[in-house]
Amino acid sequence: MLASVAGPVSLALVLLLCTRPATGQDCSAQCQCAAEAAPRCPAGVSLVLDGCGCCRVCAKQLGELCTERDPCDPHKGLFCDFGSPANRKIGVCTAKDGAPCVFGGSVYRSGESFQSSCKYQCTCLDGAVGCVPLCSMDVRLPSPDCPFPRRVKLPGKCCEEWVCDEPKDRTVVGPALAAYRLEDTFGPDPTMMRANCLVQTTEWSACSKTCGMGISTRVTNDNTFCRLEKQSRLCMVRPCEADLEENIKKGKKCIRTPKIAKPVKFELSGCTSVKTYRAKFCGVCTDGRCCTPHRTTTLPVEFKCPDGEIMKKNMMFIKTCACHYNCPGDNDIFESLYYRKMYGDMA
C-alpha cells in the first residue's frame, strides 16, 4: 500500500518543485526563461542562476546595482548590500569585509596602500581599489602671454606639465580654449586632523554611465572609528533619451549645461522619486570635447516602488559642467575613473 502511494506522491512532489513560484523581487509566478541559449558573459564575469532559481544570468560586478533577482558574482566574494533591512529592493554589489584585491598580477590585503604608478596612490578596501592622483590637476586658462596652454609629458618626469603653444592661425580674438577642470565635490578636507585620525577621502569616481542612472563611488575614513569605508551614490550625467545636439546654437560647437524644460522624476529599477527635481545635466560637443560634471553635491532622494515601499538613496546633483579636450585614453584605467569619455557605455 505504501509502495503504491509513494510513486504518485513522488511524482506530485517533483511537479510541485518544477512549477514552484519564484521568490525574490520581480520574480514571476512560474519560471520563464528566454528561449535562446544562456547569455554570453564578458571575460571574468560568472554565469550564475538568478535569485529566482530559474534562469542563468551574467552576475553583477562590484559597484553595480543588484536586486534579489539579479545577484552579484559569488565567485568574487560579492554580495548585494541593500543598506538597511527595510530596503530589500535595490542594492549595490559589495565585497565581503576583509576581501583582498588583485591588481596588476599582485594581491593586496584589505587596508593596504600601494602606488600603482608614479601618478596614483591606491588603497585596497574589501576587494575594491580606490586611487587618488599624485600629480597636480591645476587649471591654466588662456591668457595673452599663453593663449594656447596644453599639458605635455616631459622626458624624465612622471607628471605632465603645462606648455604654451603658438597659434597656427592668428586672429584678432583667437579661438577660446575650453579649460579642463577637475570635478569639484563637497566633502571633508583631506588634510584635516581629528583625534589621532588623518581624514582622507578620495574623489568621487566618474559616473558609471554617461547617460541614464549610474553609480559613483569613493573611499573615506571620515567616520567615528577612522576606518576606511566605501560610499556610493546614484548619478545621472544626462538623460539617454535627450537629443542634446539639437540644442546647440548656430555657430557653436558645444552646449555645456542644457536647460531642462520641466522638472523631472528619477526612475530606478521600477521605482520613482517621490519629488520632482529641476536637475541640471551636462551637455555634448560636436568637436570631440567631453562635457563632464565640474561642481557637484550629494543629496538624499526618496524613491517609491510599485508595492508602496519607500527607499532612500544618496544621489549626485550637478551644479556646473565643463567641456574640455582632456578626455581619457582607452589604455589608462585610472584616468577613466575620473575623466571617463562621454560615449561608448558598456552595459
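Residue numbers in this text run from 1 along the chain shown.
Any Cβ shown, glycine's included, is placed from N, Cα and C.
Note that the coordinates shown come from a computational prediction; the quantities given were computed from them, not determined experimentally.
Between CYS72 and the candidates CYS52, CYS54, CYS93, CYS101, Swiss-Prot records the disulphide pairing with CYS93. Here the candidates are CYS52, CYS54, CYS55, CYS58, and Swiss-Prot names CYS54 as the disulfide partner of CYS31. Between CYS321 and the candidates CYS271, CYS282, CYS285, Swiss-Prot annotates a single disulfide bond, the one to CYS282.
For CYS66, the disulfide partner recorded in Swiss-Prot among CYS52, CYS55, CYS80 is CYS80. Listed in Swiss-Prot as the disulfide partner of CYS58, from the options CYS33, CYS41, CYS52, is CYS41. The two recorded residues, CYS93 (disulfide bond) and CYS80 (disulfide bond), show a Cα separation of 5 Å. Other Cβ atoms within 10 Å of the Cβ of CYS290 (disulfide bond) number 23 in total over all chains. Looking only at Cα atoms, CYS58 (disulfide bond) sits nearest to CYS66 among the disulfide-bonded residues CYS66, CYS290, CYS323.
Note: CYS285 (disulfide bond) has non-local neighbours LYS253, CYS254, ILE255, CYS291, CYS323, i.e. same-chain residues 6+ apart with C-beta under 8 A of its own C-beta.
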